[in-house]
Amino acid sequence: MLRVRCVRGGSRGAEAVHYIGSMLRKGFVGWVQRSFQSTQAAAVSEKPCAADEKVSDTAVQECPVCSYNEWDPLEEVIVGRPENANVPPFSVEVKANTYEKYWPFYQKHGGQSFPVEHVKKATEEIEEMCNVLRHEGVVVQRPEVIDWSVKYKTPDFESTGMYAAMPRDILLVVGNEIIEAPMAWRARFFEYRAYRPLIKDYFRRGAKWTTAPKPTMADELYDQDYPIRTVEDRHKLAAMGKFVTTEFEPCFDAADFMRAGRDIFAQRSQVTNYLGIEWMRRHLAPDYKVHIISFKDPNPMHIDATFNIIGPGLVLSNPDRPCHQIELFKKAGWTVVTPPIPLIPDNHPLWMSSKWLSMNVLMLDEKRVMVDANETSIQKMFEKLGISTIKVNIRHANSLGGGFHCWTCDIRRRGTLQSYFS
């Protein structure tokens, strides 16, 4: 059973780990006792930041990579690129993650560029976002520009690419380790290539680098007969625990994991299966504990527009997708904040996301948040919480599927690992 000892930030919310560790474990025990087969490719630097498991906080802080949560002071970040963004082919896994009104768009433009003028405006917005981050004292890194329209073929499928816009989807930083997620969309199979120059540099400078087992993405990974004719069908299926991805092999996107020190919260989604969560659980054990949480509407592609932990014991919980375990957080003393209804216009294209990108914010520290300049309601909410808002307009960038949290991957945050284990 978990016992709490907070190293920093007080004890607010820390007890939630005890509750979730004891309550959620009950529903997952049967699953984790099965014998899963997984592989991993982990690299160890010639001069690693951590020579053993008992490395000091000082040693870890000297690494180019160090981040334990979503709110410690941000020092370095990767920001994605919209350049050459390509519409993914309209395959079954894409259909399961997009809204019905956009299906004709994918059927018509799959394998082609997203609207050029829209991407141009998104590029300008993200450049401004980078400038603002630099002004706030954050080091900004960018992935490579790649031609995503090139068709590729594996023994199991063929596809074109998509983009390198959302580093949060593919990279998860846990302490001094960068984990490359395997992904679940065929159009994103080679997305890691855009980030390899950066990752290799971090590795040479001492960071740990792990690549999760790459799925074949064979037909068996997907329910080819997933019965979705409308969004309502999809919501009902997901609520029953039926997703387009099967348990044929591990798959997950990094954006389905939310970090809070030694405890990491994950959801089973259309792109993250239980095998993928189990791989992560085994890989991070015993130093970190992965907890599965679930929601009334489990269909959204990633967790960070549903459940966003923005401080120690402080969480944004989407009112349209309430967390089934939210009372456990409340009983533990967490402050649960319900964000206001988003203000994004109905006629603004959101090809692979919902309006709730308004809560997909990036914390620069516990008292500063990067938020969309158009979302005045949520700005007021943050101000009432005593959090200063840094306003940037990324409406066109939203159309490509992400808010500030999605468009970034924090590489370094100045802080220490909180201990939650006995």
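Note that Cβ sites are derived from N, Cα and C of the backbone, with glycine treated the same way.
What you see is a predicted model, and the numbers here were worked out from it, not measured in a lab.
According to Swiss-Prot, the features are:
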ACT_SITE  Asp253  active site
ACT_SITE  His302  active site
ACT_SITE  Cys406  active site, amidino-cysteine intermediate
TRANSIT   1-37  transit peptide
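Cys406 (active site, amidino-cysteine intermediate) sits 9 Å from His302 (active site), taking the Cα positions as reference. The Cβ of Asp253 (active site) lies under 8 Å from the Cβ of Asp169, Ile170, Ala181, Met183, Ala184, Ser269, Val271, Thr272, Met301, His302, each of these being in the same chain and 6 or more residues away along the sequence. Cβ neighbours within 10 Å of Cys406 (active site, amidino-cysteine intermediate), excluding its own Cβ and spanning all shown chains: 26.
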